Amino acid sequence: MISLNRYSVLEPTTTRVVLGVRKLLAVMSSTFMNGGGGVRDLYGEDRATEDQLIITPRSFSVSSGCTLLRDPRYNKGLAFTERERDAHYLRGLLPPAVFNQELQEKRLMHNLRQYEVPLHRYMAMMDLQERNERLFYKILIDNVEELLPVVYTPTVGEACQKYGSIFRRPQGLYISLKEKGKILEVLKNWPEKNIQVIVVTDGERILGLGDLGCQGMGIPVGKLSLYTALGGVRPSSCLPITIDVGTNNEKLLNDEFYIGLRQKRATGKEYAELLDEFMRAVKQNYGEKVLIQFEDFANHNAFDLLAKYSSSHLVFNDDIQGTASVVLAGLLASLKLVRGTLADHTFLFLGAGEAGTGIAELIALEISKQTKAPVEETRQKIWLVDSKGLIVSSRLGSLQHFKKPWAHEHEPVKELVDAIKAIKPTVLIGSSGVGKTFTKEVIEAMASLNKKPLILALSNPTSQSECTAEEAYTWSKGQAIFASGSPFDPVEYEGKVFVPGQANNAYIFPGFGLGLIISGAIRVRDEMLLAASEALAAQVSQENYDKGLIYPPFSNIRKISAHIAANVAAKAYELGLASHLPRPKDLVKYAESCMYSPGYRNYR
């Protein structure tokens, strides 16, 4: 229970919580002894930080009256009780009815379902987040399978395209070239001091939609909503950031409602200096253990940034590493359906960018781990096709550096279907960002070679998917095991219902981030990604397999995230990269105990 007692010398618009010094010290001691690293909600209100403890060691202030109703973190709307309405000057500011959180959720879900346009649902959810944070997360957690496509892919893609038109109020930090030389000052403008996760984009490659510039902010906002809802990371410790260095999107530059810098993208030294200042400022302001997740950077920057800062910062690229981890999990789980080991299979990718090469490398590492063979040898089981055809050794001189490890000895092959016939893969993975590339001829070729071809059409949003679930099942005559990046409805084929899986990064990154936080990890290593994949694969039940699924349902995602967090944390301790000591005895229970709960708190 939060004690909100009016202090006699304060104005009626302010309420103060008073904590005894003894109790405060006990709480602080317990936190540091347990290695919670600030994950736990010390006062039951998801706000306290070490900075606030230093500034106000005995109390902190919370608004009341109209100001309280306009504060999304504390506002409960019609859920304020009669007693709370009297104590906090709310009498008359609300209708007389009192609704509990469950009734509020029922009413809002009813309203959301009336919208026929997905973007309208997205906007309604964002409005809710801005006025009642706890109710937003309660609804998202309880209805995750229904609402995940609304707050994340595919709807978030359309939201980013129209972000300038639907923009209402800032939801994160915008750092542009105008702030060069004073990024640390900009970071200090953010009201929260105990930041544990930052998701940052420069908007150059938003999903499969290309350069959306400053309007890419919808991606960090959406990702961090899932960090909280699915991984239990406190919303107050999450910070979305957009780095605005301009855009090469002429349509946006000519749009009177565009909210970003109206200039072509900065590149080279100017770009590198801004990013370097940003990374140094983040570390200076938030410390060694803040997780920086790079999101939707173009290939030419994504790989370089990850390589440059992985040895000095706690960094993670979801497009490269998160996608790889979730796909590897699906492949490990699929072995129960297709039999054999990972090393028994041959993999063919359409797409050799961030996602494709990231997945390929993690598969090679897992096979190396299982067989004890060097990774240079295990890469030979993996083939990639880019826009110029099969990546082979004769193309080595013209390849980008991240494609060179996949240039194997083979004659050149231009078309995907011809590559399938030549390589004879058992697994086909699409990460091209180009829709409709898994044609009828391609799917039929896979089905002719394999009794149960594994087909993963990973590109987002739905319009960019390499094929639909219906196409995969129909063209393979029901043989395919299918998963996609964006959700597809179940498909009926010849009297049998097929339920497509979703290789969604949301399975991995929330639990992965939680694992880094609870262990106090200071660096990310590939072994942690493998640990996350193995934990996710282990959560697929026989009931899921019976439906042809290679991923567990999202309805269990908080439990899944706790197991992923525990595996990742265990690996951090094993590698000597964890700073929260001693290690908790039961990491799964510890992860669950650290998760944010969106239930309302009682005020008095």
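Cβ atoms here come from the backbone N, Cα and C positions, even for glycine.
Annotation source TrEMBL lists domain 'Malic enzyme N-terminal' at 129-310. The predicted model assigns the domain 'Malic enzyme N-terminal' (129-310) a mean pLDDT of 94.
Sequence annotations record features per position, and here TrEMBL assigns active site, proton donor to TYR152.
The feature (S)-malate binding site is assigned by TrEMBL to ARG205, ASN460, ASN504.
Per TrEMBL, active site, proton acceptor is recorded for LYS223. When Cβ atoms from all protein chains are considered, those within 10 Å of LYS223 (active site, proton acceptor) total 27, not counting its own.
What TrEMBL lists as divalent metal cation binding site is GLU295, ASP296, ASP319. Long-range C-beta contacts of ASP319 (divalent metal cation binding site), restricted to its own chain and to partners at least six residues apart, with a cutoff below 8 Å, comprise PHE294, GLU295, ASP296, PHE297, ALA302, GLU354, ALA355, GLY358.
TrEMBL lists 320-573 with the feature domain 'Malic enzyme NAD-binding'.
Summary of the divalent metal cation site environment: with the site residues GLU295, ASP296, ASP319 set aside, the chain residues having Cβ atoms within 8 Å of the Cβ mean position are THR201, ARG205, ILE206, ILE219, PHE294, PHE297, ALA302, ASN317, ASP318, GLU354. A C-beta separation below 8 Å, combined with a sequence spacing of at least six in one chain, links ARG205 ((S)-malate binding site) to ASP211, ASP296, PHE297, ALA298, ASN299, ALA302. When Cα-Cα distances from TYR152 (active site, proton donor) are compared across the recorded positions LYS223, ASN460, ASN504, the shortest belongs to LYS223. ASN504 ((S)-malate binding site) sits 12 Å from LYS223 (active site, proton acceptor), taking the C-alpha atoms as the reference points. The separation of LYS223 (active site, proton acceptor) from ASN460 ((S)-malate binding site), Cα to Cα, is 15 Å.
Taking all protein chains in view, 26 other C-beta atoms sit within 10 angstroms of the C-beta of ASN504 ((S)-malate binding site).
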